[in-house]
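Scroll down for the structure; my scribbles are underneath it.
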Ligand code: NIG
């Protein structure tokens, strides 16, 4: 029998579900790795352990559906140059590729675990991460194997950029053949950077088709640095998500609105690369599904802070608090192909969902945007285990 925990005294409980909505004076019961009960505190059943959160707000743990955490080195100098006016053109990816290839598995694993813990301490309980800084069969394979030890979802991004030593078409052959064979046991997804300077529409389509033939889910990096075919391609191939979506035409917005493909928006990256912020409001108003993620990586977005993305989405992208929180939790789950009603669902709090609970040191979730930059995470349960223990009553 697993131990049950009653989390009670919840001032505001965001469940992301139609049946429970947002509750005041609420409680949840956790049973092992699952949520067992949700409702009003005065109707809560008994449990083995009782934790009173004294009027604080509770939400599902963040679902960060886009990160690149398997790398070595950092790119402070590139960032400084950018802040002095240099444009971001993704060329720095090669700097990280060189550092990653030179690093031992131990160094890569240490950095990966450091960043995973950093994210968890801020309430990120479900996390995707990608390969993409190896770009040889051996290096992509070891990056995929390391990622699979830590992440909820692992994406193969061999098609990140073309290494200097081969042509783009030769490299696509490698990605779709021996490299895919080598990583397949460790990954559930395939991704391609469809952008001028990386892979064109035809090359990207080959990568997606090869992934699909291996039974992998599809996602696309698209429309990051300028308008392009990424969104159209993702929708045509039925990708679960197209990520970045910074530069969208009306046709792109319409295509997303008429599809199940989630537009994953990465505001920390847009800010760090001095791009415009993705048109979140336009997408939602058109009826598209969106998620918010950090894009944590050493080049374009060196942050694991989902709360920063939520605050930016509210303060600068014109989302409501509820829309931004949904996009950073349930929206992320949809971008990862998860069913919000399934046993063990993430991004929602209802009986049967995974016991991933984020308690804020604030009476309501509005404080995420009202007090931007303040570390508001007070406690976190991850798969039913309290991994962030509050220091203050
Ligand atoms: O999502 N766009 C491609 N890949 C990363 C950039 C990684 C880097 O600059 O190292 C991104 O922003």
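Just so it is clear, glycine is given a Cβ too, placed from its N, Cα and C backbone atoms.
Feature annotation from TrEMBL assigns Zn(2+) binding site to 66, 68, 221, 295. If you look up TrEMBL, you'll see 66, 68, 221, 295 marked as Fe(3+) binding site. Sequence annotations record features per position, and here TrEMBL assigns 4-imidazolone-5-propanoate binding site to 75, 133, 160, 224, 300. Positions annotated as N-formimidoyl-L-glutamate binding site by TrEMBL: 133, 297, 299. Sequence annotations record features per position, and here TrEMBL assigns domain 'Amidohydrolase-related' to 58-362.
Feature map: annotations from TrEMBL on the structure.
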residue : record                                  : Cβ neighbours (10 Å)
66      : Zn(2+) binding site                     : 30
68      : Zn(2+) binding site                     : 27
75      : 4-imidazolone-5-propanoate binding site : 20
133     : 4-imidazolone-5-propanoate binding site : 31
160     : 4-imidazolone-5-propanoate binding site : 27
221     : Zn(2+) binding site                     : 30
295     : Zn(2+) binding site                     : 29
297     : N-formimidoyl-L-glutamate binding site  : 27
299     : N-formimidoyl-L-glutamate binding site  : 24
300     : 4-imidazolone-5-propanoate binding site : 26
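A Cβ within 8 Å of the Cβ centre of 133, 297, 299, the residues given for N-formimidoyl-L-glutamate, is found for these other residues of the same chain: 68, 71, 75, 92, 93, 96, 132, 298, 300. Close to residue 299 (N-formimidoyl-L-glutamate binding site), meaning Cα to Cα within 10 A, are the following binding-site residues out of 66, 75, 160, 221, 224: 75.
Within 8 A of the CB centroid of the Fe(3+) site residues 66, 68, 221, 295, the other residues of that chain are 67, 130, 243, 244, 266, 269, 293, 297, 301.
For ligand 1, the binding-site residues lying close by, meaning a CB under 6 A from one of its atoms, are 300; the full candidate list was 66, 75, 133, 300.
Proximity of residue 224 (4-imidazolone-5-propanoate binding site) to non-local residues of its own chain (separation of 6 or more, Cβ distance below 8 Å) is seen for 90, 193, 195, 230, 244, 246, 247, 269, 275, given in sequence order. Of all the binding-site residues in the record (133, 160, 297), the one with the smallest CA separation from residue 68 (Zn(2+) binding site) is 297. When the binding-site residues 66, 221, 295 are ranked by how far their Cα is from the Cα of residue 75 (4-imidazolone-5-propanoate binding site), 295 comes first.
Averaged over the domain 'Amidohydrolase-related' (58-362), the predicted model has a pLDDT of 97.
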